[in-house]
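Each remark here refers to the structure printed beneath this line.
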Amino acid sequence: MKALGRLGELTRDKQDTLLLVGAALLVIAPHFGHLPWWASAAICVTLLWRTLLTLRGRRLPPVWLLLPVALLAMAGVAQSYGTLLGRDPGVAMLALLLAFKLLEMHAKRDLYVVLFLSFFLMLTNFFYTQSIFAGLAMAVTLVVLLTAQITFQYTGTVPPLRRRLRAAAGLFALAAPLAAVLFVVFPRIQGPLWGLPGDAHGAHTGISDTMAPGTMANIAMSEEVAFRVRFDGAAPGQERLYWRGVVLSHYDGRTWSRIGGRLYRRDGDAMTLRVGGAPAPYELTLEPSGRRYLFTLELTPPALAVPGERVGVSDELESFTLRPLMQRVRYRAQAYPDYAVQPALDPALTGKWLELPPGFNPATRELGRMLRTRAGKADRDVIDTALKVFRTQGFIYTLQPPLLGHHAVDEFLFRTRQGFCEHYAGAFVFLMRAAGIPARVVTGYQGGELNPVDRYLTVRQSDAHAWAEVWLDGIGWQRVDPTAAVAPDRVRLGIGQALPQPAPFGLAGLAALQSDKDSWFSRLRFHANAANNAWNQWVLDYNPERQRNFLTALSTTFGSWRSAAAALAIGLLGWLWYAVRRQRRRDPVQDAWERFGAILARHGVRPAPDEGPHSLLRRVRALSLPEHKKAAMAEFLELYGALRYRALDFEERTRSARRLVKLLSLSR
């Protein structure tokens, strides 16, 4: 531990190694969240081992020991992921190999291997997150890696770490404007330059095409952003924010799922759909999920256009792309408050929405028949009576309901009476079908949080929701949300008000601050979300369409996009020329010497071009000047001679140069 307190006294090789270990830790640390636990532990142990070996001056382990360990680690990656191909196993192998390579550095070439492997591994972090905060963290990591690279260039005395960091930051600052201009004007392509194989673990997020007890509750535990919405006008009320996604019509006694093998339509012309009322135009930015479903505010006519994607519509009013969404997409639409979907549907076609699995939930079937008998032929009365059951019979809305057995709906309705939205939606649809009313489950999201900073509505995975649709003759498909009958605050105020939420960062004191929209914590959170959203909108989503719009706007000012590009290039080159000129500062020692010569000239002493400081010292001592000024001049000349003709180390040269400048002012 005494060595840790004297890091500045370590040899050059040890300092370089510790700097590289620290840089590697910065590179690998963001990956700990998605690496297998054993891989993270192995990396930490390896880095700690390398640090202790360096501080204690011990020999590195032999290759015959490292090779089996590396092979064992690769086998562990294959066991954890089931393959060695793909994003996740590839990143895991790179992180482990980087850590192991630190134990196998015997030449300067090995330093560069570790350094460049660190550069590459740093880029892989963007496979997992591209937020502005990740970008800032990677910028800091890049500066540290550049500092290490600069350090390895020195063959003699090395400047202090602070100066090397400043030099690396200067290189980064010089490169950033050029990168920004190239980002803006370089021709964009739709989609990434490479393709990644689908990963078996964690490839899909959010709403899926199946629903079983616990499905929606698991999704709702995540605070990840599902999508963001910006309305052209005022946002509709919270209770109207139903974001339609997937329709589940088949039930096997345990799981609701989509009906496969249906004909997909390219538009909604074949579907009877009437809309009315004042439309609410909006723009939705959907985060990548690995799935194909597009979410729309009810009710949005099926006429979506997504740049770079082919869009289809199902006969159950689902919008989807023909391939999984692996990157962020944006589309515009408008929703109508009044609508009628398939009001004149042929009753013969409603059979699939009346099917019930045989041998399941006999008590619920009997309840459905009883509701039909009481209400007669009025379907609306059956619906109202069923909702009254949920409202008045002591049902509880919770994220942690009891487990259900074989007759899941019966146990939920007649015994546990505790559930999340999927329990209520699934049980209600089963009950409606038992009463002879066509019904189906719709999954999506409900609500959202309006950010007062940028006026974007943020919908998170925690807003995942399931509700029911029933078909009424002459009216069509109508939304019925049984969860709202049990927990009306869930629909009116959002899930954060209906259920207790975990404290941010596990700190109970922040929970109250988060619920208070005017608190400093909420304001900070809103500004951070707005900054990240702006990053998404203008940097990550800078697609060919946005580039064309931007260059078109520039052409109105400069005449054409070529002129605009030329103006940008000239401006950039001018800035770079100025920056390089500033970087090429004159030698401060030579500059001080010339200024000292000007001072001597004022006193009648003009140094000859070949006159050195020692011969000039005799002439200075003969001047009629105050003794303190002659002493300063004499010390200046002696110090200048030392700086010019003696071998001084970096620290001594720096101190002497600073003293030289101070003596210059004393000589005036």
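Cβ atoms here come from the backbone N, Cα and C positions, even for glycine.
TrEMBL assigns the feature transmembrane segment to residues 134-155, out of the candidate ranges 134-155, 420-441.
Per TrEMBL, the stretch carrying the note transmembrane segment among 25-44, 65-84 is 65-84. Residues of the same chain lying 6 or more positions beyond the ends of the transmembrane segment (65-84) and with a Cβ under 8 Å from any Cβ of it are 36, 38-39, 42, 90, 92-93, 96-97, 100, 103-104, 199-201. In the domain 'Transglutaminase-like' (413-484), helix, strand and coil residues by DSSP number 24 helix, 30 strand, 18 coil.
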